[in-house]
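K.L.:
Starting off with a structure, shown below.
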Amino acid sequence: MIQIPEADSLHRQSIQVETETVHGEKLALQCMGCDACVENKGCMCDHSTQDLKSVVNEADVEDHTEANSSFAHSVINMIGMLIGLGQLSAPYALENGGWASAFLLVGIGVICAYTSLLLGKCLEKSPSSRSYADIGQHAFGSRGRLLASTFINVEIFMTLVSYTISLHDNLITVFAGTQLRLLIWTKLSTSQLLTMIGVLIALPSMWMTDLSSISFLSSGGILMSIIIFTSVACIAIFQVVKANHSIPALHLHKIPAISGLYIFCYAGHIVFPNLYKSMKDPSKFTKVSIVSFASVIALYTSLAFTGAKLFGPEVSSQITLSMPRHLIITKIALWATVITPMTKYALELAPFSVQIEHSLPGSFSSRTKTIIRGAVGSFLLLIILSIALSVPYFEHVLSLTGSLVSFSICIVFPCAFYIKISSAQLSKFSLILNATLLAFGLLLGVAGTISSSKSIFTSLKRDHSA
């Protein structure tokens, strides 16, 4: 992982790209304030020739970007940021935690909505801040920026590992019965070879420099979310599968692990400052957060209960793997889940590419920089592939991602930033409330990290013994 804390202007632009970590968000990469770009509408901006280098060079004029996002547009964008990869595991989490754990799912959602408002208040007190890392710097100086940036980059990396594991699991189902063998390496299974082929198909995208092309790929995440929710709803509505399974009341010992899955559902905070700054009327950010989180909480809760009732104890960690395979709508959902990771790699790793190019000597030619950038990006992608094939446990890796980084980004850091920035004006009640939420986030984050790490090691040991 490459991190350059001093490159403030670079980070402000690359944060647009980093936001794609959050389950298929649809903020565009070009200019934060360009509403047409954000909404995939027709845009009069000239993005066709804009490459990664131009993003760095244009960072100096970012503060002059026009904020023109309406209330409705902001709600749509925030919902788009929050819906994605987390919906695959919501039914599994509810089934394993018990129906009472739905209070945790809703509770974490409410807390995340509150901490999103804290970020807005931090931005009110620091008009020059434009990104999540900027808030970290305003609160705790360069160390705050470094810590926030590091956690964001770790989340990007771990989320891509989760996407690759999802690719692996769904490819097995799509190509059920297919047998592949590599003569020079017979130890590789068919599923591993299929995953390698999928990643190799996506590998050329690591050499793309046209941001408009990379941004176009992001629509895959939005499409996947729509298809999956529609598929599960159709199966329930048309009673293709009877929703007659009972959900256990509570499995207390599994709460730490599933809390990581729940928090990942709401992990959109790294882009909220950008959304706030893009609004025509930032004073409506509170209403935007309330409407968006209420909608997403309702969607996740209904999807979790529907999936758990439909498939019961047999529900997979990815809902697509539990759906009846003979249905056309299931095949569409499976293919959507397969294609989505392949569209994510270039977009997710673009911040690293920008940082790499920015760090290269100016004497390097454009072609040399392109080769180095593409080579490093390809190397990172191969590392992600290796980790995903070595630790192919979707639910545990996703839970670890949520527990290790998402609790900090969504709850701990916003509370800490707000307490530090607003310390002089905080009431005793507000101080106690935010300190309590900070402690709550730390507690669940640590407990979830330990639990999911143990599960990964246990699974590795079991598979090694087998």
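A Cβ is built for glycine as well, from the same backbone N, Cα and C atoms used for every other residue.
TrEMBL annotations: computationally assigned, not manually curated.
Predicted, not measured: the structure shown is a model, and the values here were computed from it.
The domain 'Amino acid transporter transmembrane' annotation in TrEMBL covers 68-450. Marked as transmembrane segment by TrEMBL: 75-94, 100-123, 144-163, 183-203, 215-238, 258-276, 288-308, 328-350, 371-391, 397-419, 431-450.
Structural setting of the listed features?
P.N.:
Outside the transmembrane segment (100-123), and at least 6 residues removed from its termini, the chain residues within Cβ reach (under 8 Å) are 90, 93-94, 129, 132, 135, 138-139, 249-251, 255, 258-259, 262-263, 265-266, 268-269, 272-273, 276-277, 282, 285-286, 289-290, 293-294, 296-297, 300-301, 304-305, 410-411, 414-415, 417-418, 421-422, 434, 437, 440-441.
If you look at the transmembrane segment (371-391), the same-chain residues 6 or more away from its ends with a CB under 8 A from one of its CBs are 2, 52, 157, 160-161, 164-165, 167-168, 192, 195-196, 199, 202-203, 206-207, 209, 345-346, 349, 352-353, 356-357, 360, 364, 397, 456, 460.
Through the fold, the transmembrane segment (431-450) approaches residues 111, 114-115, 118, 256-257, 259-260, 263, 399-400, 402-404, 407-408, 410-412, 415-416, 418-419 of its own chain, all at least 6 residues removed from its boundaries and within a Cβ separation under 8 Å.
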K.L.:
How about the transmembrane segment (288-308) and the transmembrane segment (75-94): at least 3 CB pairs under 8 Å, pairs 6 or more apart in sequence, or not?
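P.N.:
In this chain the transmembrane segment (288-308) contacts the transmembrane segment (75-94) - 3 or more Cβ pairs sit under 8 Å.
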K.L.:
What same-chain residues lie close to the transmembrane segment (183-203): Cβ under 8 Å, and 6 or more beyond its ends?
P.N.:
164, 167-168, 171-172, 175, 338, 341-343, 345-346, 378, 381-382, 385, 388-389
K.L.:
Short question: which residues 6 or more past the ends of the transmembrane segment (397-419) have a Cβ under 8 Å from it?
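P.N.:
Result: 85-86, 89, 111-112, 115-116, 118-119, 121-122, 132, 135-136, 138-140, 144, 147-148, 151-152, 154-155, 158-159, 161-162, 165, 256-264, 266-267, 269-270, 317, 391, 426, 431, 434-435, 437-438, 440-442, 444-449, 451-453, 455-456.
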K.L.:
For the transmembrane segment (328-350), I need the partner stretch with the highest count of C-beta pairs below 8 angstroms, choosing only from 75-94, 144-163, 258-276.
P.N.:
144-163
K.L.:
When you scan the chain for residues with a C-beta under 8 Å from the transmembrane segment (258-276), skipping those not six or more beyond its ends, what do you find?
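P.N.:
Beyond its ends, the transmembrane segment (258-276) has Cβ neighbours at 15-16, 18-19, 21-23, 25, 27, 32, 69, 74, 77-78, 81-82, 85-87, 89-90, 92-94, 96-97, 101, 104-105, 108-109, 112, 115-116, 119-120, 123, 129-132, 134-135, 152, 155, 282, 285, 288-289, 293, 296, 300, 395, 398-404, 406-407, 409-411, 414, 444, 447-449, 451-452.
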